[in-house]
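A.B. asks: Quick paste from Swiss-Prot:
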DISULFID  CYS21-CYS71  disulfide bond
DISULFID  CYS30-CYS54  disulfide bond
DISULFID  CYS46-CYS67  disulfide bond
DOMAIN    21-71  domain 'BPTI/Kunitz inhibitor'
SIGNAL    1-16  signal peptide
Amino acid sequence: MVFLLCFFLVADVSYGINGDCELPKVVGPCRARFPRYYYNSSSKRCEKFIYGGCRGNANNFHTLEECEKVCGVRSRDSPKEN
């Protein structure tokens, strides 16, 4: 049992994905238009989106660099636009 726990902890760290990065993109119900980035677990990239300003989640970053650092993504030429 302890072996399995250690295995999964090491596997999670080796993939470098923070649990917050697996959360879905949430635009929120408010009507502000803040450019933000989120980690898209399907494309395995940080992508740009427009955040409404309220009721978001932790998968919401001010910059592409912050998203890539927190979510363990290597830089790519340019972010995908949504």
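The backbone N, Cα and C atoms fix where each Cβ goes, glycine too.
Note that the structure is a prediction, hence the values are computed from the model and not measured.
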A.B. asks: List nothing but the one residue from CYS54, CYS71 whose Cβ has the fewest other Cβ atoms within 10 Å; the candidates are the disulfide-bonded residues.
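C.D. replies: Candidates: the disulfide-bonded residues CYS54, CYS71. Fewest Cβ atoms within 10 Å: CYS54.
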A.B. asks: Taking the Cβ of CYS67 (disulfide bond) as centre, how many other Cβ atoms lie within 10 Å?
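C.D. replies: Neighbour count, Cβ to Cβ under the 10 Å cut-off: 24.
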A.B. asks: Among all protein chains shown, how many Cβ atoms are found within 10 Å of the Cβ of CYS46 (disulfide bond), not counting that one?
C.D. replies: 26
A.B. asks: How do the residues of the domain 'BPTI/Kunitz inhibitor' (21-71) split into helix, strand and coil according to DSSP?
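C.D. replies: Here the numbers are 10 helix, 15 strand, 26 coil.
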A.B. asks: Out of CYS30, CYS46, CYS54, point to the one nearest CYS71 (disulfide bond) in space (Cα versus Cα); all of them are disulfide-bonded residues in the record.
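C.D. replies: Ranked by Cα distance from CYS71 (disulfide bond), first place goes to CYS46.
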A.B. asks: Using the alpha carbons only, what distance in Å do you get between CYS67 (disulfide bond) and CYS54 (disulfide bond) once rounded?
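C.D. replies: CYS67 (disulfide bond) and CYS54 (disulfide bond) have their Cα atoms 19 Å apart.
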A.B. asks: CYS21 (disulfide bond): which of the disulfide-bonded residues CYS30, CYS46, CYS54 is the nearest Cα neighbour?
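C.D. replies: So, spelling it out, the nearest of the disulfide-bonded residues is CYS46.
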A.B. asks: How many other Cβ atoms sit within 10 Å of the Cβ of CYS30 (disulfide bond)?
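C.D. replies: Taking all protein chains shown, CYS30 (disulfide bond) has 13 Cβ neighbours within 10 Å.
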A.B. asks: Near CYS21 (disulfide bond), how many other Cβ atoms are within 10 Å of its Cβ?
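C.D. replies: For CYS21 (disulfide bond), the count of other Cβ atoms within 10 Å is 20.
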A.B. asks: Express the distance between the Cα positions of CYS46 (disulfide bond) and CYS54 (disulfide bond) as a whole number of Å.
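C.D. replies: The separation of the Cα atoms works out to 20 Å.
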